[in-house]
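**Student:** Have a look at this one before I ask anything.
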């Protein structure tokens, strides 16, 4: 006890989650404002840079315990991002657009095969290689959505990129669910458990997302055209409901929220949820997400596994680029748009991290190899990703001139 002023704490008290939320917002905003002064640098890079500086590998002002406390905020941010991404993928539009499916299948399967071959060649076990290859198929929706919003990008390149990123994450989860039974069975687990658990997690997430989508779109039909604030509340409520139920039923919250977005797009009719602009309210969670991602970077692991991570980054990026560009050119799209879309698929984060965490729980005998290489690659891709996405959107003529962007901002206000 403090003998001079007895009601004061003797030691510095641990920060409450609300205080951590405020701290992450403040330092994240500072990083974003500093990055904004560099014309070609996306604000995401600023968010992550200050996170890395303040995190355990930097000045240590944000400890690992503090980051664990903020996990719920990060989960909400990822849920909102995956929901928004899912709304870009109308189920019937996908069925009626075989070009999109062919392109996504081509680059996803090429990425899977290339990364699997690379991992085996580098000496990892075939089981770890197949899991890492499935995870590498995924792409980061957060970077694409935030950078596109920041640059006021729109049009064919943005719409195609969002649809491909959504399909990437669907295919990554399906490939992961198909590969995990082999990893579990080789760990002396019964075939029933090895097949049943991944199938339950995937199908359970789909059913959960669909049921919540039916509920929220039913409520959303009561909203009017000027009720955007109520629709935003419905979206946040639906995402948080899915997160809580996912934990309760032990299914993937990431895939459940992606399914929620896809289902809302297919069911919405008059609900208009898919067209709701998440606005500045969601920006709060996005800032926290990227500051958190920067703070979680482990510089020692990145340095230790740099050769493996860089090899994975190179092979994955080339595979996605070749798959998208060749497919798009075959269907008659211009070179600049084809290459631009391929660049938007380079970042990898949210789903990849979630699948690595699932591997730690389900298959710890291969988790060390998988997590070390994949997370080091995530660190590289999340650092290089935002500038590459920004360059790709400009290359594909998706970014309006500064004058047009100012007019659009004025109308939005």
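Cβ coordinates come from backbone N, Cα and C, glycine included.
Okay, these came from TrEMBL:
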DOMAIN    25-384  domain 'Cation/H+ exchanger transmembrane'
TRANSMEM  15-34  transmembrane segment
TRANSMEM  41-62  transmembrane segment
TRANSMEM  68-88  transmembrane segment
TRANSMEM  163-185  transmembrane segment
TRANSMEM  191-216  transmembrane segment
TRANSMEM  228-249  transmembrane segment
TRANSMEM  278-295  transmembrane segment
TRANSMEM  302-319  transmembrane segment
TRANSMEM  339-358  transmembrane segment
TRANSMEM  370-393  transmembrane segment
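A description of the local structural setting of each listed feature is requested, covering burial, neighbours and distances.
**Tutor:** Same-chain neighbours of the transmembrane segment (15-34): 43, 46-51, 54, 62, 66, 69-70, 72-73, 284, 287-288, 290-292, counting only residues six or more beyond its ends whose CB sits under 8 Å from a CB of the stretch.
For the transmembrane segment (163-185), the residues of the chain that approach it from at least six positions outside its boundaries are 82, 85-86, 88-89, 93-94, 100-101, 103-105, 107-108, 112, 127, 130-131, 133-141, 144, 191, 193-195, 197-199, 201-202, 252, 254-255, 258, 262, 324, 341, 344-345, 351-352, 355, 358, 362-363, 366, judged by C-beta separation under 8 angstroms.
If you look at the transmembrane segment (191-216), the same-chain residues 6 or more away from its ends with a CB under 8 A from one of its CBs are 173-174, 176-178, 180-182, 184-185, 234-235, 237-238, 241-242, 245-246, 249-253, 255-260, 262-264, 267, 271, 273, 358, 362.
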**Student:** So, does the transmembrane segment (41-62) come close enough to the transmembrane segment (302-319) to give 3+ Cβ pairs below 8 Å, pairs being at least 6 apart in sequence?
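**Tutor:** Result for the transmembrane segment (302-319) with the transmembrane segment (41-62) is no.
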**Student:** Considering only the recorded stretches 68-88, 228-249, 339-358, 370-393, state which has the highest number of Cβ pairs under 8 Å to the transmembrane segment (41-62).
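**Tutor:** Comparing 68-88, 228-249, 339-358, 370-393 against the transmembrane segment (41-62), the winner is 370-393.
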